[in-house]
Structures are given as C-alpha cells and as structure tokens.
Amino acid sequence: MPKRRDILAIVLIVLPWTLLITVWHQSTLAPLLAVHKDEGSDPRRETPPGADPREYCTSDRDIVEVVRTEYVYTRPPPWSDTLPTIHVVTPTYSRPVQKAELTRMANTLLHVPNLHWLVVEDAPRRTPLTARLLRDTGLNYTHLHVETPRNYKLRGDARDPRIPRGTMQRNLALRWLRETFPRNSSQPGVVYFADDDNTYSLELFEEMRSTRRVSVWPVAFVGGLRYEAPRVNGAGKVVGWKTVFDPHRPFAIDMAGFAVNLRLILQRSQAYFKLRGVKGGYQESSLLRELVTLNDLEPKAANCTKILVWHTRTEKPVLVNEGKKGFTDPSVEI
C-alpha cells in the first residue's frame, strides 16, 4: 500500500496543474461565449422604437455591397500615362472548359496595369458566353472572331502537328493592331500571345513591359520537358535553345515564351504567322524571322533562369453521365 505521505505528494503535484488548466479554459472560452451571445442579441442592432426593421436590413446589405465593391471588385488597377500598354492576344474556341480557362486567365490579368486583352474566337460569330464573360471582367478588351477553315481543324481527339492552332485568330489580332494604330505611332506598347490554357505569373508581365524589340524567357511543361528555354551566354546574349524537339529551328521557342514591341509589329506590316507550308513547331519562327535575328533577342526572367509561365492545360472533363436520368440542363452555363 502506498504510504500516506506519497499520496499527499501526488495530490500536491496534481492539484496546482488542475487549477491552472481550469483557469486557462475559462479565460479561453469566455470571449467565445460572449461573441455567440452578442450574435444572438446584439444591442447595437436593435431596431429603435417606431423604426422600420426593413430599413436596417437594407442598410446592412448596402454596407456589405460597398465593402465587396471597394475591396473585391476594384480591378483592374488605375490606368497609368507612363506605362507601356501590354496587348495580350488570346485565341479561344468553344469547349466544356472554355469559360473556366478564360475566367482563370481574367483573374490574373485583372492585376496587371495598362493591359488590353484581345480575345479572338475561332467561330463564325462572337458567342454570348465569351461576350458576357469579357464584359463582366471589367478589363479593357477587344472581342474579335474568325473561323478556321474546316480542312485546318482537328478531327476527333488526335492532335495533328501539321495543323496549326490559333493561327488565323492571332493574325486577325495583328491586323486589328495595324488598323488601329498608325505605322509611325509613338504609342508605347508590347504584344504578347497568351493562350488560355497557360498559367501566368504576374511578374512575367512586368518583365515584358520593357521590351525594346523581342524579349524571350523559359516556358514550363512543353516539348516533353520540365521546361524549354533560350540558351544565354555570359554576355547576356541568346545563342541557342535548350530544347529536345528540333533545336535547330530558327526560333525554337513556345508561343508563350516571347513578346514583341508594338512599334516593331506596326513597322513590319508583312509579318504574320504562316498558315500554309509550315511544319509543326515552326509557327513561332514564321513570325519572328520577319521581325528580328537571334542577336536581337532580349533575355528576361533573370537571363532565362526563372520560370514565369507554365503550359498547364486544364484536364478534359469526363462527361460520361451527362444526359442520363434527367441530370442535364442545357440552360446552365458552365
């Protein structure tokens, strides 16, 4: 049997700890209980005698709406007279994930100052879905459309590398820029071809804003590699390409890996992407060789060592149950 003094020693050790834990629980829970009590009957929200309670509900809703407007929807940033405008050219086409991808992209572009979004649909007319989405973003945008001929469209799920994607849409955007701005325009700007299935760092847009002729940087998840990049020497000049697929292309670079000064686009009016007679992977070269030489390229992103754009692509949804047992509602826009 334990001795009496052993029991006393245990009590003297346990009792102080019990008291400490009890006090701590009371100090922690008391404010929470007070908060819940206040939520149940907040004296500050009691309707004064003779007042209409509906007026107070409306006032609360107005306050919430003001907060939402001021802190959530105050985008894009105010326009600056000193920053060059970034003209982002995005070809797009109708598919289940189109709205999701354009929404994700818009949420990025809303944080970029002095940005103009040129969205070009591969369609015979501008679709209501894209028109509503662009209008609701609050971005400075232009909505165009041109349909790719049937013989240049993909058939089924197979990807034919000989068939260029988005070429006519990008070319229409180039034509729009040349028709909108005079050839000798002093308007400072940069043109960037940004597909809607990529992920973009905000830092990328500030990197490209200072483009004098053509700036370049790495792109992740392309060419079967973690990333492809321009090869830059110790003097900071582009001397080649870090890629496996046809590294001897004139410009072995992804569409998301370069930006062009607007004045260069306006001055070289013959420069377009080639639709015919161009092998897969040569679309970028077909435009850039009309604008610059390798020696003219300006490496960005810490001499092409930082990844600021990823060719992520949205997973194609598996809609095998769509239309079964009355679950389909075509009126719901996705």
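Heads up, residue numbers simply count up from 1 along the chain you see.
Including glycine, each Cβ sits where the backbone N, Cα and C put it.
Keep in mind that what you see is a predicted model, and the values were worked out from it rather than measured.
Summarised as a single figure, the pLDDT of the topological domain 'Cytoplasmic' (1-6) averages 59. What Swiss-Prot records for 1-6 is topological domain 'Cytoplasmic'.
Per Swiss-Prot, the feature transmembrane segment maps to 7-27.
The annotation topological domain 'Lumenal' is assigned in Swiss-Prot to 28-334.
DSSP gives Pro91 (UDP-alpha-D-glucuronate binding site) a strand state. Residues or ranges marked as UDP-alpha-D-glucuronate binding site by Swiss-Prot: Pro91, Thr92, Tyr93, Asp122, Arg165, Arg170, Asp195, Asp196, Asp197, His311, Thr312, Arg313.
Note on Thr103 (phosphothreonine): other Cβ atoms within 10 Å of its Cβ, all shown chains, come to 13. Annotation comment: Swiss-Prot describes Thr103 (among others) as phosphothreonine, evidence class similarity to another entry.
The phosphothreonine feature in Swiss-Prot is assigned to Thr108 (among others); the stated evidence is similarity to another entry. Using a 10 Å Cβ-Cβ cutoff, Thr108 (phosphothreonine) registers 18 neighbours.
Look at Swiss-Prot and you will find Asn140 (among others) tagged as N-linked glycosylation site. Under the three-state DSSP scheme, Asn140 (N-linked glycosylation site) falls in the strand class.
Residues or ranges marked as N-linked glycosylation site by Swiss-Prot: Asn184 (among others). Note on Asn184 (N-linked glycosylation site): other Cβ atoms within 10 Å of its Cβ, all shown chains, come to 8.
Residue environment of Glu228 (site 'Interaction with galactose moiety of substrate glycoprotein') contains 23 other Cβ atoms, counted within 10 Å of its Cβ in all protein chains. Under the heading site 'Interaction with galactose moiety of substrate glycoprotein', Swiss-Prot lists Glu228 (among others).
Within the chain carrying the region 'Interaction with galactose moiety of substrate glycoprotein' (245-254), a Cβ under 8 angstroms from the stretch's Cβ atoms is held by residues 216, 219, 222-224, 228, 230, 281-282, 284-285, 288-289, 294, 311, all 6 or more beyond its ends. If you look up Swiss-Prot, you'll see 245-254 marked as region 'Interaction with galactose moiety of substrate glycoprotein'.
Counting only residues at least six positions away in the same chain, the Cβ atoms of Phe251, Ile253, Asp254, Met255, Gly257, Phe258 sit under 8 Å from the Cβ of Glu284 (active site, proton donor/acceptor). What Swiss-Prot lists as active site, proton donor/acceptor is Glu284.
Asn303 (N-linked glycosylation site): 16 other CB atoms within 10 A of its CB, across all protein chains. According to its DSSP assignment, Asn303 (N-linked glycosylation site) is helical. The N-linked glycosylation site annotation in Swiss-Prot covers Asn303 (among others) and rests on sequence analysis.
As annotated by Swiss-Prot, site 'Interaction with galactose moiety of substrate glycoprotein' applies to Asn321 (among others), with the evidence given as similarity to another entry. The Cβ of Asn321 (site 'Interaction with galactose moiety of substrate glycoprotein') has 9 other Cβ atoms within 10 Å, all protein chains considered.
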Listed recorded positions (Pro91, Tyr93, Asn140, Arg165, Asp195), ranked by Cβ neighbours within 10 Å, top entry:
Pro91
Per DSSP, what is the residue tally for the region 'Interaction with galactose moiety of substrate glycoprotein' (245-254) in helix, strand and coil?
0 helix, 0 strand, 10 coil
From recorded positions Thr108, Asn140, Asn303, the one whose Cα lies nearest Thr312 (UDP-alpha-D-glucuronate binding site)
Thr108
Which whole-number value in Å describes the distance between the Cα atoms of Thr103 (phosphothreonine) and Glu228 (site 'Interaction with galactose moiety of substrate glycoprotein')?
27
According to DSSP, which kind of secondary structure is Arg165 (UDP-alpha-D-glucuronate binding site) found in, if we only use helix, strand and coil?
coil
